[in-house]
Amino acid sequence: MQTFLNIFLGFFIFESVGSAPITDNIIFDSEFYDIPLGELPHLFVYDENEQSDQLKTETGTALPSRSQESFSSAPLSEEFEEEASTPKLIDSPSAQGSGVLGPQTQDGLPTCLLCTCLGTTVYCDDHELHAIPPLPKKTTYFYSRYNRIRKINRNDFANLNNLKRIDLTANFISEIHEDAFWRLPQLQELVLCDNRIRKLPELPSTLTFIDVSKNRLGRKGIRNEAFKDLHELQHLYITDNNLDHIPLPLPESLQALHLQNNNIQEMHEDTFCKMKDFTYVRRALEDIRLDGNPINLSRTPYAYMCLPRLPVGNLI
């Protein structure tokens, strides 16, 4: 019985081995690498032209024919071009056209591309401008310092009803139209220092801050009673203008008056105070600068009796 089982197991093992697949043995012989590259069997040949043609064919047929037609060079409709190039989101009556970057300037660029617009503030400092650029209608603060602007025209700020501050420091301005500013209903601060202005235009009554220092106003550049109706004016700077007098009357709201480095030679007792009212006190006007003028302040002591502080200047 034991002999029969041994014979049966041996036969079973022989059948299993015989049914297994027969594979060639791979022998890595170092002599094999001495064979020249051209004699190696199944040599792969890379055809650059064939590969390039295949890539071109695949690239050219990547899009269906209908997509190719949609991307043809046919012109866009006029309606689409108008909407894409000039979306009218900002309105300005002085503009040659409007867009998301503001109205067009004379240089063919939108104001907010030529300058910098942050919210309702427009910065055009040091851009070699020769004129006021057309501003977006909602402009609140406008800065155009260190440019080459020579003239302010009547409509440069027309219909800018939100404008509160104009700063044109260090330009070449010599002429300002009489109506350039007074039609601005909310203008509070006007800075025109370091220019060549010979005459101040009509000023709006809403102004609280005026700086026209370093100009050429001289004897006739400020009309009589120019500041009388500016009932909210707090700071008035007219230094370095060759003035020979203090422009009167000055509004009661005035807090600072800078007139240094002019040609003021005399002062009257009612320049700041009231001659017949010795009880009158002018508490708001605390800062008066008259240094750099050929005037002896000690000659008119009653001119300062109503002030909380003495003016700065020559007392000898």
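Counting starts with 1 at the first residue shown.
Just so you know, glycine gets a Cβ as well, placed from its N, Cα and C.
The following features are taken from TrEMBL:
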{"type": "SIGNAL", "residues": "1-19", "note": "signal peptide"}
{"type": "REGION", "residues": "54-101", "note": "region 'Disordered'"}
{"type": "COMPBIAS", "residues": "54-75", "note": "compositional bias 'Polar residues'"}
{"type": "DOMAIN", "residues": "111-141", "note": "domain 'LRRNT'"}
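DSSP states for the domain 'LRRNT' (111-141), grouped as helix (H, G, I), strand (E, B) and coil, give 4 helix, 7 strand, 20 coil.
Summarised as a single figure, the pLDDT of the domain 'LRRNT' (111-141) averages 95.
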